[in-house]
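Q: Have a look at this one before I ask anything.
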Amino acid sequence: MLDAQTIATVKATIPLLVETGPKLTAHFYDRMFTHNPELKEIFNMSNQRNGDQREALFNAIAAYASNIENLPALLPAVEKIAQKHTSFQIKPEQYNIVGEHLLATLDEMFSPGQEVLDAWGKAYGVLANVFINREAEIYNENASKAGGWEGTRDFRIVAKTPRSALITSFELEPVDGGAVAEYRPGQYLGVWLKPEGFPHQEIRQYSLTRKPDGKGYRIAVKREEGGQVSNWLHNHANVGDVVKLVAPAGDFFMAVADDTPVTLISAGVGQTPMLAMLDTLAKAGHTAQVNWFHAAENGDVHAFADEVKELGLSLPRFTAHTWYRQPNEADRAKGQFDSEGLMDLSKLEGAFSDPTMQFYLCGPVGFMQFAAKQLVDLGVKQENIHYECFGPHKVL
């Protein structure tokens with residue numbers, strides 16, 4: 001526990017943190033990667049280049065300072081970050097490195113004096129221990145469950161299937177021939193790659209796209225413009241190649257009773273975790289209402305349409321609606337979308353009038369903000385809306 005003086009000292013630095021903004025974390029990362037370049041093998045350097053990770057870390061530091069006397073308020077954020085950390089295989093000793101550079105950054109940017117540095121040192125130590133302990137629990141859970149493992153495990157690509165102009169699915173089975181750990185629908189795999197020509201090892205998280213079967217995993221990858229890893233997977237990864245995987249993780253998952261109605265809302269590649277949820281509901285014979293609402297640019301980039309249709313046929317109460325923002329002539333001829341333009345949920349209000357319905361959202365942040373606002377305006381409670389950001393977390 002932190003004493004009152006330490007808490008007061010840390011909270012007194014909040015205005016300075018807010019004024020400085022992500023410049024603080026930019027300095028921190030530049031310093032850390034200069035002194036500890038080996039950490040480039042762990043961090044997603046693409047998120048470093050576009051600034052997303054710097055913004056996310058700054059928001060986390062500011063949130064911690066603001067809630068330092070109320071740590072339970074931070075537990076949902078801690079769980080999200082701890083789950084992600086396990087896919088990077090973060091170890092306790094790396095927290096010492098981060099703490100060293102955080103304090104050095106505060107000193108170099110602000111020269112706040114030893115009292116402030118000592119207070120932040122204590123505060124960081126408390127937070128680091130929260131993460132270390134939770135991550136140890138997750139590592140132990142992953143290693144002890146049936147088909148689970150520690151660290152990375154070699155998997156072979158057994159199928160590679162283009163699903164649209166931008167999305168390709170990969171089916172993976174363990175090289176050792178053993179069983180694989182089950183997961184909750186909505187969770188992701190940690191994929192570790194360092195092909196020839198890559199300056200650093202790259203680690204990515206890709207959502208699992210079907211119900212667990214104990215034999216292997218399926219992920220789907222969108223080709224991102226300029227994306228080093230996604231383009232390598234699309235262009236160079238082949239059936240028979242071996243990649244390293246970390247056990248499934250993630251705090252975004254579906255957990256509902258048989259009589260709970262569910263709405264799955266997605267845009268683009270955001271449908272990937274929703275596919276695992278829909279597959280799980282279909283194979284469980286879910287009796288309550290299930291809605292599938294999806295937005296895509298057009299039919300060329302709309303993946304898994306046939307699979308969704310087939311799964312929906314096995315559900316007794318299923319409604320699907322697809323929006324194409326800019327349908328092409330082939331889309332119009334085939335009639336494979338329901339509405340043109342942006343997703344407008346107000347026209348489907350009757351499909352989710354049940355107050356117990358749970359809503360799961362995934363897609364670009366702007367899309368999720370747009371969809372969540374519509375839901376709230378239609379009377380949906382915030383606690384019934386669950387969402388996942390690909391990349392560093394952002395609040396809707």
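Glycine is no exception: its Cβ is also placed from the backbone N, Cα and C atoms.
Positions annotated as active site, charge relay system by Swiss-Prot: Tyr95, Glu135. The heme b binding site annotation in Swiss-Prot covers His85 and is backed by sequence analysis. Residues or ranges marked as FAD binding site by Swiss-Prot: Tyr188, Arg204, Gln205, Tyr206, Ser207, Cys389, Phe390, Gly391, Pro392. The annotation NADP(+) binding site is assigned in Swiss-Prot to Gly268, Val269, Gly270, Gln271, Thr272, Pro273. Under the heading domain 'Globin', Swiss-Prot lists 1-136. Taken from Swiss-Prot, the feature domain 'FAD-binding FR-type' covers 150-255, and the record attributes it to sequence analysis. The region 'Reductase' feature in Swiss-Prot is assigned to 147-396. Taken from Swiss-Prot, the feature site 'Influences the redox potential of the prosthetic heme and FAD groups' applies to Lys84, Glu388, supported by sequence analysis.
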Q: How many Å lie between the Cα of Tyr95 (active site, charge relay system) and the Cα of the residue listed as 'heme b binding site'?
A: 11
Q: For Tyr188 (FAD binding site), which DSSP three-state class applies?
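A: Assignment for Tyr188 (FAD binding site) reads strand.
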Q: Cβ within 8 angstroms of the Cβ centroid of Gly268, Val269, Gly270, Gln271, Thr272, Pro273: which residues besides those meet this for the NADP(+) site?
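A: Everything else in range on the chain: Ser207, Ala220, Lys222, Ser266, Ala267, Met274, Leu275, Cys362, Gly363, Phe390.
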Q: Cβ distance under 8 Å to Phe390 (FAD binding site), same chain, sequence separation 6 or more: which residues?
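A: Val269, Gly270, Cys362 - these are the non-local Cβ neighbours of Phe390 (FAD binding site), listed in sequence order.
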Q: Identify, in sequence order, the residues in the chain of Glu388 (site 'Influences the redox potential of the prosthetic heme and FAD groups') that are 6 or more apart from it along the sequence and have a CB within less than 8 Å of its CB; answer 'none' if there are none.
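A: Residues satisfying the criterion: Gly186, Ser207, Gly250, Phe252, Gly270, Pro273, Leu361, Cys362.
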Q: Could you tell me which of these binding-site residues, Gly268, Gly270, Pro273, has the greatest number of Cβ atoms within 10 Å of its own Cβ?
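A: Neighbour-count leader: Pro273.
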Q: Return only the integer: C-alpha distance in Å from Gln205 (FAD binding site) to Lys84 (site 'Influences the redox potential of the prosthetic heme and FAD groups').
A: 8
Q: Are there binding-site residues among Tyr188, Gly268, Gln271 that sit within 10 Å of Lys84 (site 'Influences the redox potential of the prosthetic heme and FAD groups'), Cα to Cα? If so, list them; otherwise say none.
A: Tyr188
Q: Any idea what the Cα distance is from Gly268 (NADP(+) binding site) over to Tyr188 (FAD binding site), rounded to a whole Å?
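A: That separation, Cα to Cα, works out to 17 Å.
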